[in-house]
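Worksheet: one structure, shown below.
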Amino acid sequence: MTVTPHYEQQYLDLMRRIWEEGDERIDRTGVGTRSVFGATMRFSLADEAVPLLTTKRIYWKVAAREMLWFLSGNTNIRPLVEQGVHIWTDWPLDNYRRETGEAIDRDAFEQRIINDNAFAARWGDLGPVYGAQWVDWPRYEPVEGGLFRRAERGHNQIADLVAMIRSNPGSRRLLFTGWNVAELAGMALPPCHMTYQFHVADGRLSGLLFQRSCDLGLGFAFNIFALAMITRMLAQQCDLEPGEAIWNGGDVHLYLNHADLVETQLARTPSGAPRLKLTRRPESMFDYRIEDFAVVDYAPQSHVAAPVAV
Ligand SMILES: Nc1nc(=O)c2c([nH]1)NC[C@@H]1CN(c3ccc(C(=O)N[C@@H](CCC(=O)O)C(=O)O)cc3)CN21
Ligand SMILES: O=c1ccn([C@H]2C[C@H](O)[C@@H](COP(=O)(O)O)O2)c(=O)[nH]1
């Protein structure tokens, strides 16, 4: 009898291989990583399956709120912080401390972001990151004298994608990207989950993500959930069934200060088959709310905390 391995096994196998054989180097953050180049994982989304890790608890609502924030086009951490989502605070905080020399702690910084409009506008923005490029990629229009001005509304890649999936599902151009070369310098971090492509076969929509840089211990769990989530949303909007989530990583790494996390997860056995439910069919990709998502049959092992490299 052959037993199908649990979907999470491919993640644990990659984690072990990087930890044991990855190339060790000092990275941009100074923390140090072990790294491999090029990896693929595939997860079924059929029957509402969702690739949540089970060898530690994943706060999927944090990742879901982040995805809804991307789709809103907002690039300021304020709406995240207002919802108790702290995952993007460290970069503006680091910038604020460097520029002002003030030794403010994270809670106080977040309070000021919430309470003070001008402060949030000055210190809370990440630059033209994901949301800006996804729904408002800048367009320029000619004005007199050979000059150009920025059009009031940019390209909405997500709205265009929905229209294209509906009208031409066989297209090989069903994609959107955050990698706007001309604007990279203004971003707090250049996009990691940078290009998403979609494919329709047999009435099923599959999503493929190319992620140039992946923090396998921390970011990956969020990135793979988000890929599944947006693929499900697009399938719902386009009257398709969910197919697969396919993940392609470029530089896939483990930070050297994640030893406890790696050893704990590798000592655990994945189990269970969580499902993601979309409880309502909103008007468009831009009308989803956090209440529209529910995860059932998710019984993970305990959360394992790990430091984020800034
Ligand atoms: N080094 C690094 N790794 C990342 O994954 C990452 C970045 N930087 N920079 C930009 C964003 C921010 N992301 C983050 C940042 C922090 C967590 C994190 O701390 N997660 C914890 C706690 C989650 C919570 O308490 O809400 C976790 O256990 O998943 C996850 C993703 C993903 N990205
Ligand atoms: O969604 C995300 C965002 C970021 N990461 C990780 C990958 C790297 O560890 C850092 C980014 O550093 P770079 O020097 O720009 O590559 O953040 C992630 O895994 N997922």
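Positions of Cβ are set from backbone N, Cα and C atoms, glycine also.
Among the candidates N180, N223, the residue that TrEMBL annotates alongside R28, R172, R173, R212, S213, C214, D215, H253, L254, Y255 as binding dUMP is N223. On a Cα basis, C192 (active site, nucleophile) lies 21 Å away from R173 (dUMP binding site).
A sphere of 10 angstroms centred on the C-beta of R173 (dUMP binding site) encloses 9 other C-beta atoms.
Most other Cβ atoms within 10 A: among the recorded positions C192, A309, that distinction falls to A309.
In this structure, the binding-site residues R28, H253 were compared by how many other Cβ atoms lie within 10 Å of their Cβ, and the smallest count belongs to R28. For the pair formed by S213 (dUMP binding site) and C192 (active site, nucleophile), distance between Cα atoms is given as 5 Å, rounded to the nearest Å. Mean model confidence for the domain 'Thymidylate synthase/dCMP hydroxymethylase' (9-310) is a pLDDT of 98.
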